[in-house]
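Participant: Quick one: the structure is below, questions incoming.
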Amino acid sequence: MAPAICLGADLSSGEVCRNNSGEVWGLQVISMVVIFLTSLIGISSPVILSRIIYGRTNHESVVLLIKCFSAGVILSTSLVHVLPDAYNAMGDCDISTRHPWRDFPFAGLVCAIGALLALFVDVVATSSHSHHHFAEEENEMRKFKYQAIEKGIIGEGYSRNNEEDEGENQKENEKEKQKQKMVSKLLEVGIIFHSIIIGVTMGMSQNRCTIQPLIAAVSVHQLFEGMGLGGCIAQAEFGVVSTIYMCLMFSMTTPLGIGLGMVIFKLTGYDENNPNTLISEGLLGSLSSGILLYMALVNLIAVDFFHDDSRTTMLSSWSSSSSGLSLKKYCYFALVLGFSSMSLLALWT
């Protein structure tokens with residue numbers, strides 16, 4: 001790898017922005033409240049919308065559009081926001097000139113490890129769920145069949161054919177629901193890593209010139225990121241308690257990270273430019289980027305556009321009478337819109 005080129009920093013402007021600790025503390029408290037509210041609005045909006053239109057004609061179509069928009073947001077979060085920040089942290093002069101960090105692109109390696117880790121969890125969880133429910137479903141089907149035959153409700157031939165088909169459909173629906181729930185949980189884990197890093201960094205910062213624009217930028221960032229996660233939660237159809245818990249967990253993570261960063265700075269005088277701090281941020285950011293990248297490409301985009309035959313019928317059934325565009329094209333537009341909207345925020349973060 002080429003050696004890093006380090007330039008001296010101009011400290012005069014930084015000193016002007018660090019000369020009022022009381023004002024910095026006030027801005028950090030304000031940021032906690034504002035970011036919590038915007039995060040809550042972002043993640044709850046798709047969930048509430050899904051509940052309102054549940055059971056209506058185009059409910060599944062609307063939820064699918066929200067999910068495609070969410071996939072674009074999450075893909076941009078991984079590649080445009082999280083991974084570049086991780087590379088920047090690992091490319092700091094104090095790190096990139098030291099062994100072993102100068103000898104190998106650790107940010108890319110850890111990103112790949114995050115994707116492989118998400119794949120491993122995906123495979124294990126899916127296999128475990130299938131094994132756990134197989135025997136139970138077989139017993140229930142057999143019990144129902146014999147009871148129906150004894151009561152004379154259905155004939156043996158009907159039981160053997162139709163009931164097996166119904167049981168198979170029920171099994172597939174249950175498997176799909178469990179898959180969506182697992183996807184939502186893994187997405188929240190990856191996003192929480194990213195949110196904690198953002199929060200702790202803001203909490204440890206004593207530069208009011210940095211905090212002021214970050215309040216607006218991070219609030220909008222959390223709004224779109226919340227919409228992305230909320231779209232997946234809406235499709236997974238969690239219970240009310242689980243949905244509220246996941247929404248609050250996401251909304252509180254960044255504000256709690258800010259509070260934690262403030263406490264750490266007060267107790268230790270923690271330096272956000274310390275090499276060990278930057279290494280931790282870089283590695284955690286790379287890991288969360290890999291998780292989010294896998295979830296966006298494999299469990300969201302690939303599933304919705306290629307591997308779900310039931311949705312293919314739905315995609316072609318609901319089309320615009322004026323333009324003749326199928327829902328799949330609308331889904332692609334929603335995907336690009338989500339990616340573009342989130343990517344534009346990189347101009348201010």
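Numbering starts at 1 and runs along the chain as it is shown here.
Cβ from N, Cα, C; glycine included.
Caution: TrEMBL annotation is automatic and unverified by curators.
The compositional bias 'Basic and acidic residues' annotation in TrEMBL covers 168-179. TrEMBL lists 157-179 with the feature region 'Disordered'. Marked as transmembrane segment by TrEMBL: 24-49, 61-84, 104-125, 186-205, 244-265, 285-306, 330-348.
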Participant: Could you pull out which residues elsewhere in the chain have a CB under 8 Å from any CB of the transmembrane segment (24-49), counting only those six or more residues past its ends?
Facilitator: 18, 62, 66, 70, 202-203, 205-208, 211-212, 214-215, 218-220, 222-227, 229-231, 233-234, 243, 246-248, 250-252, 254-255, 258-259, 262
Participant: How about the transmembrane segment (330-348) and the transmembrane segment (61-84): at least 3 CB pairs under 8 Å, pairs 6 or more apart in sequence, or not?
Facilitator: yes
